[in-house]
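Now, the feature entries from TrEMBL:
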- G121, E122, S123, G124, A125, G126, K127, T128: ATP binding site (BINDING)
- 12-714: domain 'Myosin motor' (DOMAIN)
- 878-1062: domain 'TH1' (DOMAIN)
- 591-613: region 'Actin-binding' (REGION)
Amino acid sequence: MEGASSSLLDAEAVADLVLLDPLTEESLVQTLQERFRRRDIYVGSGTRGFGGTTGTAGTYIGNVVISVNPYQSLPIYTPEKVEEYRNCSFFAVKPHIYAIADDAYRSLRDRDRDQCILITGESGAGKTEASKLVMSYVAAVSSKGEEVNKVKEQLLQSNPVLEAFGNAKTVRNDNSSRFGKYMDIEFDFKGEPLGGVISNYLLEKSRIVRHMKGERNFHIFYQLLAGASPQLLQQLKLRQDCGHYGYLNREGSNLPGMDDAANFHAMQDAMRVIGFSPAEVTELLQVTAVVLKLGNVQLSSSFQASGMEACSIAEPRELREICELIGLEPGTLERALCSRTVKARDEMVLTTLTVPQGYYGRDALAKNIYSRLFNWLVNRINASIQVKSDKQRKVMGVLDIYGFEIFQDNSFEQFIINYCNEKLQQIFILMTLKEEQEEYVREGIQWTPVEFFDNSIICNLIENSTTGILAMLDEECLRPGVVNEDTFLTKLNQLLATHKHYESKETQNARRVTDTSLPPRCFRIHHYAGKVTYNVTGFIEKNNDLLFRDLSQAMWAAQHALLRSLFPEGDPQKVSLKLPPTAGSQFKSSVAMLMKNLYSKNPNYIRCIKPNDTKSAMVFTPELVLAQIRYLGLMENVRVRRAGYAFRQLYGPFLQRYKMLNPRTWPRWDGGDRQGAEVLLAGLAFPTEELAFGHTKIFIRSPHTLFDLERRRQERVAQLATLIQKTFRGWRCRTQYQLMRKSQILISAWFRGHRQKNRYKQMKRSALILQAYARGWKARKTYRKYFRSNASTCVANFIYRRLVQRYLLGLAKNLPPLSVTDRTWPPAPYRFLDDANQELKNIFYHWKCKKYRDQLPASHRAQLQARLCASELFKDKKTLYTKSLQQPFRGEYLGLKQNPKYQKLHAVAKDKLVMADTVRKVNRANGKTVPRLLLLTTEHLVLADPKAAQPKTVLSLSDIRGVSVTRFSDGFLALHLKEVSTVGAKGDFLLVSDHLIELVTRLHQTFKATMGQALPLHITDRFSTRFPKGDVSITVVESPKAGTNGPVCKKKGSNKMEVLVH
């Protein structure tokens, strides 16, 4: 409520123009400009109050909202804004389209009153967007449901389809509606939308064939070329280049901020939602392509033998493609475009057309096809969205139509548009005055006649059935003989010479008035919004809107179902000689039906204003706005609204708002609302003529009185606010002091109690300690004689045994898994058990390992024992050890049993064989190696010749005194023998083995098993060997010169040898 009335005292930005004081054109423009600067683009006109309710049914009629186009997006259409205006009093919120839409919707739903919203304004003022906002708001606030949502979606999706075919870019607006639209949205008794019916008025079909530079044809042509797939364009026989088409002025289609391709896809999606079948969409686009391609049909001039001029098709390709699209013989369409059948008496005569006549017929055909296609499109949408059932319905109409137009050159289109606006102004004035009178009578206030300009005389000037301008125009079109605009203007001058709202050059001359602004071939009408000069050139042609019968019959002959249905008069079986109605009479009938429809509904108004001609954001041109204020008749509207009493309100809300101004009504009034209002105003000493008391409302005559009342209220509110603040601050300080005092007392009490509790606990603790020491001393003194000298030890031992017992029993229940890889063990519960716990852990692990070994097979166990022995001997000592881990210990590498060649060797080994392998024996003289077979048994080590398979050397294990190997990854081995051995004094053996690790390991195991002691093993790079000729020092060197086949031994003198290993 405060938001709606906050600007009442701000005369520069008053939200309700009825309260504007003084009321002049300058103050009205200044108010609009100031609100526009503050980004308040909506202004109320005749809202009759603020902070109240809409009252009973019929309290407010003809609500008006003025909308100034900001040319930019504003955050005032969010879902939160919808909720703000939903079910809210029309006068308790700031002016907004949502407010008027909500008031209309609730009046329809709750009071069972049909509504209509009239949206007017010139091109670019935002009428189309306003109608979308109204429909989207109604869709948002109405109830939900699958069927209801489907209906709402169909109603909303009709907009992009009609915009594509009925809107175009003009110099004033990038999305200008080039037709008038009236939609009846039908609701059930619950306020749920059931469907709707759309009516269209005066499509600007002349735009099809020509438009100004800087403008565009209808959107659908550019959307089709930009958004259609290559396959669809090929099917429609179109090119994607807009510059190819004459009806598009052979210009590009770039329009900043508009994506034609995306809009084309949105239009297709909308058609699917509405219920268009794919076949219907295809036929619709085919007819659209035909219209576009007709503009490329060129005619050439020729002369017949009789000397008469004729025309023919210059380039037949376009004509042939058009005929392929519609299923027509090219010759039929060519004859219809280049000739005309005229009935002379009782016979039909075929006459040829000149090139200008041919182009006229071509353009007339294009305009008629598109106009009828648009009507078919509207009817098809109606077939989908109209209500199918016959149950009772409520209706809300939304009218989006041209505003009053005054151009530099005004023609037939501006004439009938302004005629329509005269009728809309008439209905506004009449219904407003009617409601004013009804309200005065209802409230018991004396009705005083209101002086206003009654534009019925202008409407009668245009629409009178005998002497009206439209009647004269129809009569002139039907008159035989030479007919042109000059004869039409002459007739108007004769009949309307004395009419005070009509003038022309001839009537001015008759009155001896000189006016250079009125050219010849023009007449001027004094409309309610100003004087408009009309040029009669083209009036008769546009009113006739003739299409040659040959062209209609050609379209009927086409095989295209949709196109054929658009020209029913082309059926040769139904030829009618009756002339079709003129454009003026058709529009007059449509306006009459529209007025009848609007008279049956409660009207609401949205007046749209364009702030500048450059479509610039937040730019306000006062001169342009003032002209539109006159065109829209806003001053007349406001004058009628504020006639008599400018402000009225129910007694209850009025008393509730202003009762603080009188001590007798503040803070509470116990009597009736009217009595309270009378007492309140009696104490304010307003002049008697400024006030009137109705049955349910208070009436205030002038805005000045209301402003004074509001000013006093704001001053009183400020005083009351100060009083409330003072009282609140005092209460808050007293409350805070009392709370602090209470808290201080509570804290003190708790602190003293806490301190005494701590003192008591300390004293109690001290007493208990003293008592414990005294009792202990007394008990020891009394019972000392009964204790043995080792009692403490026994008790301690008993406790220890008990703890150990508990530990062992617990350990038995928590033993780790028997996996040998699991080294976990429970920790000792007491520190004195740490050593025992570690010992038990080791014992348990060894037991697990033993148990694991006992389960192994003998062969596997032997393998593991050999591996373990190898690990002990070579791990981290010889590089070859890590490589040997991947090789299994096989033991027998010669295959003695399988190879009969080795039978003698097998007999030598018998069942005591430990290992059999091939080795290379190093010659002690020159260092060269020769192959030998090595057999290791439990008692001997045998070296045999591989060729003869005969033992050459048999060593007893007791003859071996040690083994030397290098630390590298070679297989070099020195076998040290005792000085006295079974083989005599042959000295030590130098061998090279590919399985050195396994050989030494098995030799070590066998030696230890036989001799009872470990085999001495030396891992070194330098060692001494004893040969028959003396000791030889052997040095092992790692060198890349050594081959991959094994070590290379080189004799260095008589007592040195160098072994190169890799």
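The backbone N, Cα and C atoms fix where each Cβ goes, and this holds for glycine too.
Fair warning: this is a prediction, and the values are worked out from it, not measured in the lab.
Counting other Cβ atoms within 10 Å of each Cβ, the lowest count among the binding-site residues S123, T128 belongs to S123. Around A125 (ATP binding site), taking its Cβ as the centre, 25 other Cβ atoms fall within 10 Å, counting all chains. Each residue in the region 'Actin-binding' (591-613) gets a DSSP state, and the totals come to 9 helix, 8 strand, 6 coil.
Counting only same-chain residues six or more apart in sequence, the Cβ atoms lying under 8 angstroms from the Cβ of E122 (ATP binding site) belong to R172, Y402, G403, F404, E405, C608, K610, Q628, Y631. In sequence order, N69, N173, S176, S177, G403, C608, K610 are the same-chain residues whose CB sits within 8 A of the CB centroid of G121, E122, S123, G124, A125, G126, K127, T128, the residues recorded for ATP being left out.
Counted over every protein chain shown, other Cβ atoms within 10 Å are most numerous around G121 among the binding-site residues G121, G124, G126. The Cβ of K127 (ATP binding site) has 28 neighbouring Cβ atoms from other residues within 10 Å, across all protein chains displayed.
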